[in-house]
């Protein structure tokens, strides 16, 4: 089974063209669930290694170019992934599935995208976010003040003075599983203003269950919250991710239009062996 590995801002994904729907029968014949398949392929050391896996499918509505199924590395399904969407668009563009302007279906709704620089840069228009809600949590006896917002998937944004001093794994995990966000939990972001149009972000991702090098919907959540709280004064907002890459977030004042732009890199093409299922 052929696949590509792509990454955007250090967020890496395995992408498979499954428009012929052969994967379902392949897994059924071998008694492997799709969740187990994803976990095995995304596993580092014994699999390809990735933050998530994307299946490109035929669209339900012929007006759209394709539909995707997105899985976190633990096999769970996610409604949306900003960086994953940019990687999916580059894959579809290079495979001749789409042109420079793209519409594709996700569980969060139809996503529009534009391709630049022969696929090396992709701009996606995300679905409008939920209304931001400030919340005060008690975590290990301490108050944590942040803002909850859904930018396709749920995010809790915590402004801090220095993101380098945050124990992202410990605090992020505690917030991710906090009773306030049950049963589905939330992604957790720590944001530090750098200048009037730039922020630095670190993210604990639900489904990956660790800090990731970047998160597109998380960067978007942080940019919106930072602007609304006056931590930055100008748009578009530049987001410095853990990978060192910069994501650019722009949005209308009423938040009905939200755009995420960044570079996408093709890492390699490969073919999965059936032996990956043995681990």
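Positions of Cβ are set from backbone N, Cα and C atoms, glycine also.
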Candidate from 72, 100 that Swiss-Prot assigns to the same substrate site as 11, 82, 83, 187, 205, 206, 216, 217: 72
Other CB atoms within 10 A, centred on residue 206 (substrate binding site): 24
Substrate site span - longest C-alpha distance across 11, 72, 82, 83, 187, 205, 206, 216, 217, in Å: 15
Protein Cβ atoms within 10 Å of residue 81 (active site, proton donor), excluding its own: 30
Which same-chain residues, if any, lie at least 6 apart from residue 82 (substrate binding site) yet have Cβ under 8 Å of it: 124, 126, 151, 152, 215, 216, 217, 218, 219, 220, 260
Listed in sequence order, residues with CB under 8 A of residue 187 (substrate binding site) and six or more positions away: 153, 154, 155, 156, 176, 203, 204, 205, 206, 215, 217, 218
